[in-house]
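> Quick one: structure below, then a few questions.
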Amino acid sequence: MASIIIGSQWGDEGKGKLVDILSQQFDVVARCQGGANAGHTIVVDGKKIALHLIPSGILNEKASCILGNGMVIHLPTFFKEVQGLQDKGINYKGRLFVSDRAHLVFDLHQMIDAMKEAELSNGTSNDSIGTTKRGIGPCYSSKASRGGLRVCDLYSPEHFRKTFTRLVENKHKRFGSFEYDVEAELKRYQEFAEMLKPFVIDSVYYLNQAFKDGKKVLIEGAQSTMLDLDFGCYPYVTSSASSVGGACTGLGISPNKVVTQIGVVKAYTTKVGSGPFPTEQNDHVGDSLRKAGSEFGTTTGRPRRIGWLDAVVLRYTSMINDFTRLNLTKLDVLSDFEEIKIGVDYKYKGETIKSFPASLETLAQCEVVYESFPGWKCDLSHVTEYDQLPIQAKNYIKRIEELVGVPIVYIGVGVERKNLIERKELI
């Protein structure tokens, strides 16, 4: 059977750390959607390992790792990460695989991404989406319009050449003249095809066979539910299904196989890019949280937007994903605050609303209702058991559980693997 780890906010919740730790209990770790717009940073023995494509479970040398069919893969980035693993002495051979059905992100897609952002912003950031400019949206657009290329197409040279040439021609028609050496790119991808061969498998068959063999599969979600193409704050979303449904379409598995849904929740809220953010704090509180939590994007390096925890968002994402347990991360970052707040409800025109609104105009007019909590003003990094937490921290955790209706089983109190409290009695 399978378990899935999903972000419950706007990304950057700390999913990679939990995947790294829990992967020790699984035979297979798989990513189902997204591409190099994901950024997971894992700290092991004081050393940082940043991954954008390869699942965080690669650090478990007993687990196979899959880049699933729902992903979009930029091969230069993939090979750079593989080299990084090799340089760090991490064994990946024979256990890192790429789906033959995954779509390819070309440098062309990244160029188009940047041009579209510039087109939207028109010199300002008011209308831009705030993408990572990694070519993710344009690649998914090529996929949806049936003009993209998949990993398996690398091994059909004539088809690859014809489709790739047509793809470039179509982009020239849309964006005008821009420099792009088609022949050089085709030659480069001929070389990539040979380099990639040892990694390519039919991942759909592989995963379903793994289930038949009684193996345990951990699905590593990328981005987050509030960036989901359907359920996020459209159009300020990613281009894939980053909620639980994406696991089935992005891996080719039955919903019945997914039995545990773990929502990862940062103890406050962060966001990269444009779009609404109801609990955002553009003041000394936001600045202090950003500094204490080192809130800068793994993929972009941009300073993240900061706000208090939003329980309305958490109830919404929990409803969509049917979370069975939560992982509360970065609780230690709140240790310096005298007062901590949670946004518990939204009011629209004076009335409390029951659900997260689809309309961004409605959302912009919502007033956040806050509850305040006393801080604990002490270092939590040494805490290894729930009972060792100060009462103020326990009360904060308890209130989140009450507001969302899901138990918090894992609590992060630092960046290292060892800084994770596990409430085993709740599992």
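For all residues, glycine too, the Cβ spot is worked out from N, Cα and C.
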> Which single residue out of R95, R302, R315 does Swiss-Prot record at the IMP site shared with D12, E13, G14, K15, N37, A38, G39, H40, T132, R146, Q223, T238?
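For IMP, Swiss-Prot names D12, E13, G14, K15, N37, A38, G39, H40, T132, R146, Q223, T238; of R95, R302, R315, the listed one is R302.
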> Let me know the most crowded of the binding-site residues, choosing from G39, Q223, R304, L331 and counting other Cβ atoms within 10 Å.
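Its Cβ has the most other Cβ atoms within 10 Å: Q223.
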> Near D12 (active site, proton acceptor), which binding-site residues out of N37, G301, L331 have their CA within 10 Å?
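Those near D12 (active site, proton acceptor) - Cα within 10 Å - do not exist; the answer is none.
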> Specify the nearest of the binding-site residues G11, G39, Q223 to T300 (substrate binding site), where nearness means the distance between Cα atoms.
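Nearest candidate: G39.
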> Provide, as an integer number of angstrom, the distance between the C-alpha atoms of G39 (Mg(2+) binding site) and Q223 (IMP binding site).
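Distance between the two Cα atoms comes out at 8 Å.
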> Given the recorded positions H40, T132, P303, R304, tell me which ones have a C-alpha lying within 10 Å of the C-alpha of K17 (GTP binding site).
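Near K17 (GTP binding site), where near means Cα within 10 Å, the recorded positions are H40.
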